[in-house]
Amino acid sequence: MISLHRANFLSNKPSVSGRSFGSTQLQRRGPSVVRVAVGPSKGRSGDENGIVLTEEIKEVSSVIDLNEKSTVSTGGVEDVYGEDTATEDQLVTPWALSVASGYSLLRDPRHNKGLAFTEKERDAHYLQGLLPPAVVPQQLQVKKMIHNIRQYQVPLQKYMAMMDLQERNERLFYRLLIDNVEELLPVVYTPTVGEACQKYGSIFRQPQGLFISLKEKGKVLEVLKNWPERHIQVIVVTDGERILGLGDLGCQGMGIPVGKLALYTALGGIRPSACLPVTIDVGTNNEALLKDDFYIGLRQKRATGQEYAELMDEFMAAVKQIYGEKVLVQFEDFANHNAFDLLSKYGSTHLVFNDDIQGTASVVLSGLLSAQKLVGKKVADQTYLFLGAGEAGTGIAELIALEISKQTNTPLEEARKKIWLVDSKGLIVNSRKESLQHFKKPWAHEHEPVNGLLNAVKALKPTVLIGSSGVGRTFTKDVIEAMATFNERPVILSLSNPTSQSECTAEEAYTWSKGRAIFASGSPFDPIEYEGKTFTSGQANNAYIFPGFGLGLIISGAIRVHDDMLLAASEALAAQVTEEHFAKGLLYPPFKNIRKISAHIAASVAAKAYELGLATRMPQPENLMKYAESCMYSPAYRSYR
Ligand SMILES: O=C([O-])CC(=O)C(=O)O
Ligand SMILES: [Mg+2]
């Protein structure tokens, strides 16, 4: 789709001639010959594509040196880029080569600019007559698109309009998303993406990622090669077994990797061509989907055990083989048993990150660091009660314990005793230890058995209540009122997604606590009025963390993820909360500054990677914050020559 094949590059188009190529000039001499000449160096190192760009610059210069005096054949493109599929984004230029022209250019989402093509570009690229006369700048296109999207009353229609735009004009999609991030995040992400996954079969139009099913077992490497890009830096992969709090959606979980990666680009500045969404399809146990005519996945029960492990193993090996050891693999929305196993299995051989265990933990810890100021109590001095002891619950609990242990210089086992978890069978206590899954065992403290959340709240008098159960409306009036009887400012986090699965609404949290709760939720709620006062709640969602976290790993060339990087990310995010936010009772800064926030997180994570000896990019950039920002993708249109 976006490959710079030699035939395209040197196709018989006037557009090829006389382009400045960073420090070079490319000139077409006849249809199949190009001369490469060196000009004054204008290479913009640390451009939007960061590490890859810098490497590309080196490659370009060395080839230019070789070819300086000679005329080279059409093989020049491959030579110049050192490979046959350099992408537009790897060019160190503010302008683009047209890899397609005319009608195909308008159908190529990575290069299409729609009405923004200038007269000159329309002339040079055979677009005359294919567009109406008006030439419209990107800002006006954004204005039109946001206006159009606001006309839709139904969130899923807004989602589909956004996906259509992504498939039509990628830069406009990202410009629109970045400029209207608070309004559009709930459209391309939770809660709407949940509904999109439920109906993914009906709304499926274009493949937006790779589907690797049991049918592909034995040829996963070949399947990866079918993807049009080679320079992949981030893969988000799901097997669809636990999509948000909506359960097993099988192959239709694809909406999640697609949405997460859109955020990697919009919020974290990873270039779109470096992102690969993957869904592993081993079947589904969702009976309704298996019977649904429009279901797009394998029609069989989930494969488990060896068959499952072998497919995942083949995938992980192929990923490393084709993209190298620095590609980040983010596991997303796997069911508990697989999530923990995959993370520990590949944690020592691959650069892997589990968003639900680690990303959610980091964002929640960040909120708790902020809450220290609002409640006047240190993280180590709070008592925590969780409803839900799965990946999110135990992941968060472990990171809090790590922070307590650092704050108080106590062993981790001691620190864990401040944290209690309730699952579907009641409070996790010592007498249940034998029958518990391994990830719950560290939380089985000495206590008599307690049934139900309300009884646990009454017995333990927690100062912080965290919902990670995936089950909606479980923080009942009784529970919140009880929290408010022994806490002046109870901290209440309803993390489950989408909105329908949230443990309580913002309105319930504020009303039942008589306006005293410090509340945040995984999916967004509108501000609410209570007794004449407006309450704005924060969004404790891993979207604050993973884009900047991933950027930090990439710019440092990290080869492994370490818990201390998660702590660094939490602190970096908490440092972005200002007095003005605290005054509103907010635990998180608003999303509107997310790119800056992500750059701060990236810089802290990268610094930690260097400190831990896990970074491979040498030398270490002097100013990591500036470097992170300079590496971020910009959706501004480029000029076409
Ligand atoms: O996707 C989200 O909004 C947060 C998340 O990882 C989940 O709920 O699984
Ligand atoms: Mg998730």
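Cβ coordinates come from backbone N, Cα and C, glycine included.
Where the annotation comes from TrEMBL, it is an automatic prediction and has not been curated.
The following features are taken from TrEMBL:
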ACT_SITE  Tyr189  active site, proton donor
ACT_SITE  Lys260  active site, proton acceptor
BINDING   Arg242, Asn497, Asn541  (S)-malate binding site
BINDING   Glu332, Asp333, Asp356  divalent metal cation binding site
DOMAIN    166-347  domain 'Malic enzyme N-terminal'
DOMAIN    357-610  domain 'Malic enzyme NAD-binding'
Sequence-ordered binding-site residues from Asp333, Asp356, Asn541 with Cβ under 6 Å of an atom of ligand 2: Asp333, Asp356
Distance in Å spanning the most remote Cα pair of Arg242, Asn497, Asn541, given for (S)-malate: 17
For the domain 'Malic enzyme NAD-binding' (357-610), the mean pLDDT of the predicted model: 97
Among Arg242, Lys260, Glu332, Asp333, Asp356, which are recorded as recorded positions, the nearest neighbour of the residue listed as 'active site, proton donor' by Cα: Lys260
Winner by Cβ contact number (other Cβ atoms within 10 Å) across the recorded positions Arg242, Lys260: Lys260
Glu332, Asp333, Asp356 excluded, remaining Cβ within 8 Å of their centroid (divalent metal cation): Thr238, Arg242, Ile243, Ile256, Phe331, Phe334, Ala339, Asn354, Asp355, Glu391
Within 10 angstroms of Asp333 (divalent metal cation binding site), Cα basis - recorded positions out of Arg242, Lys260, Asn497, Asn541: Arg242
Which same-chain residues, if any, lie at least 6 apart from Asp356 (divalent metal cation binding site) yet have Cβ under 8 Å of it: Phe331, Glu332, Asp333, Phe334, Ala339, Glu391, Ala392, Gly395, Asn542
Of the binding-site residues listed as Arg242, Asn497, Asn541, the one whose CA lies nearest the CA of the residue listed as 'active site, proton acceptor': Asn541
Number of Cβ atoms other than its own within 10 Å, given for Glu332 (divalent metal cation binding site): 29
Cβ packing number for Asn497 ((S)-malate binding site), 10 Å threshold: 26
